[in-house]
Amino acid sequence: ASRSGGPWLLGLLARLLLWGSPGAWASYLRRSSSCTPIPLRMALCYDIGYSEMRIPNLLEHETMPEVIQQSSSWLPLLARECHPDARIFLCSLFAPICLDRLIYPCRSLCEAVKRSCAPVMACYGYPWPEILNCNKFPADHELCIAAVSMDENSSSRRMPRASCKDCELEEASTAREILENLCANDFAVKIRILRKNMTTTISDFDLDPSRVEVLKHGPLLRTEIPARLQQWLDIDATCVHNIMRGTHAGVFVVSGEVQSDKVVVNKAYAWQKKNRNLHQAVRRWKHHRCPEQAG
C-alpha cells in the first residue's frame, strides 16, 4: 500500500488550525456519525496516513461491511496507476478523516483524478460515476483536501493515459515470428529502461539515451525516437510496469504503432542471453525483407 499519506495529512491539519472553531454543521456531524478505526480489511484506505474514519462516510455508506465492499471495487483502478492522488481522493470519501469538520476533496483534486482515471475506466466500459461528480465538491479557496502531486513540482508532468490494452513481455517463440512482428509494426527499437524510484504511487521510468538501437523507424525520424519513447515511458506507466516486472533496469526490444502525437508499444521482449530466438531475429533483421517490401 502507498505510504504517501503523511505529508498531505500534516498539511491538512495545519490548515484546519487556521479555521478556528467548528460551526453548526460540525456539531451536527458529531451527533450523526461516529469515529471508528479503519479496518485492515479495507485495503483501499488502510495505512493511508490516519487511523480513524467517520461512518456513515461521505458517500452515505452506513455500515463497515458496505464500506469495505464498495471500496474494494476501486482497487483495480488503483492498480492501473492512473493518478498519484487517486487513493487520497477516494479515501477522503470512503474513509473521511475523523475531525470536527466534514472535509471534502477539492473540486480541482476530483477533476485531476477524473482526467487521468476516467479514460482508464472507459476502457473497461465503466463511466465516471455521478456520485463522484466533481461539481459537488468545494472550490479550492474553501477548506478541502487539495492535490498532493502539485506540491512536488509535477504540475507539468504528464499523467498516465489509458491505452485500453495491457502489454506484457512476450515469449520469444521463434525468430520468424519475431521478424513478422517487426514487419507488422511501425517501429522497432532496442532500448534500456531505468526505474527512477520504487516508493511513489506511480513509478518513474527513464530511457537510457546511450542505449537506443533503432531497428526500424517507420514514419518517425531517427532523431525523434528517444523523445517519443520517453513520452511513452511517462504516460503509459502500467504498460512499462508490466514489462519491467519489478526490476530496476532492463534491456528490451519493443515495437509498436505511431498514433498522431504518441507512440503505442504493442510488443516487448526482454533482451537476455536465454532468448536465443530474439538474438537471432535481431541479427537477421538487417538483411530481412518484409513481405510488402519484397519484389
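For all residues, glycine too, the Cβ spot is worked out from N, Cα and C.
Unlike curated records, TrEMBL annotations are generated automatically.
Keep in mind the model is a prediction, meaning the values are calculated, not measured.
Listed in TrEMBL:
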SIGNAL    1-26  signal peptide
DOMAIN    30-147  domain 'FZ'
DISULFID  Cys45-Cys91  disulfide bond
DISULFID  Cys110-Cys134  disulfide bond
DOMAIN    164-290  domain 'NTR'
Secondary structure content of the domain 'FZ' (30-147), with strand meaning DSSP E or B: 49 helix, 11 strand, 58 coil
Distance from Cys91 (disulfide bond) back to Cys134 (disulfide bond), taken between C-alpha atoms, in Å: 15
Residues near Cys45 (disulfide bond) in space but at least six apart in sequence (CB under 8 A): Ile38, Met53, Ser71, Arg87, Leu90, Cys91, Phe94, Ala95
Least Cβ-crowded entry, counting other Cβ within 10 Å, from the disulfide-bonded residues listed as Cys91, Cys134: Cys134
Composition by DSSP (helix, strand, coil) of residues within the domain 'NTR' (164-290): 45 helix, 37 strand, 45 coil
Spatial neighbours, same chain, of Cys110 (disulfide bond) - Cβ under 8 Å, 6+ residues apart: Phe89, Leu132, Cys134, Phe137
